[in-house]
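Annotated domain 'Nucleoside transporter/FeoB GTPase Gate' per TrEMBL: 20-103, in sequence order. Marked as transmembrane segment by TrEMBL: 21-41, 61-84, 96-117, 123-144.
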Amino acid sequence: MDISATLLLGAQNAFYQVGKMALFLIPIIIFLEILRDLHIVQKASRLFAPLMRLFRLPGEAAVPIVVGLVFGILYGAGVLIQAGKDGSLNAKEMTVIGLFLSLNHAFIEDPLLFTMIGADYLLLQALRLVASVVITALFALRLLPPLSVPVRKAAQSNS
């Protein structure tokens, strides 16, 4: 096979893969927009905010993390890029999320593959989770300033 045929085949395969990703990512992004319009993302962000504080991240950071854990790093990255474009997350926050997802993604699929060759599923999941949380939290402590905790209205009225 000559170089031009190899390049053509590579380009065709690349476009095919991008098309496959788009078929999956576009519906996820549309679905997330619907959830935002219904204020479900905001409610989920508040729910996950205590966990995200471990990484000095806002609650909105939970969305790309959850997508990355459930669907894989590629889809989590797609949602992360969208969050950066719409201004939900800044570059440093995206870096922290990217680190977490690079250490721990496809939380269901990847470990199942390793269990097929003899790995202990629970031990593998525990090690992945602990390592990713500890490393990401330490990194976030160095990279991000502490989150400001909003003052409750009751506390404001008492002062």
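Just so you know, glycine gets a Cβ as well, placed from its N, Cα and C.
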What mean pLDDT score does the domain 'Nucleoside transporter/FeoB GTPase Gate' (20-103) have in the model? 88
Do you know the DSSP helix, strand and coil residue counts for the domain 'Nucleoside transporter/FeoB GTPase Gate' (20-103)? 71 helix, 0 strand, 13 coil
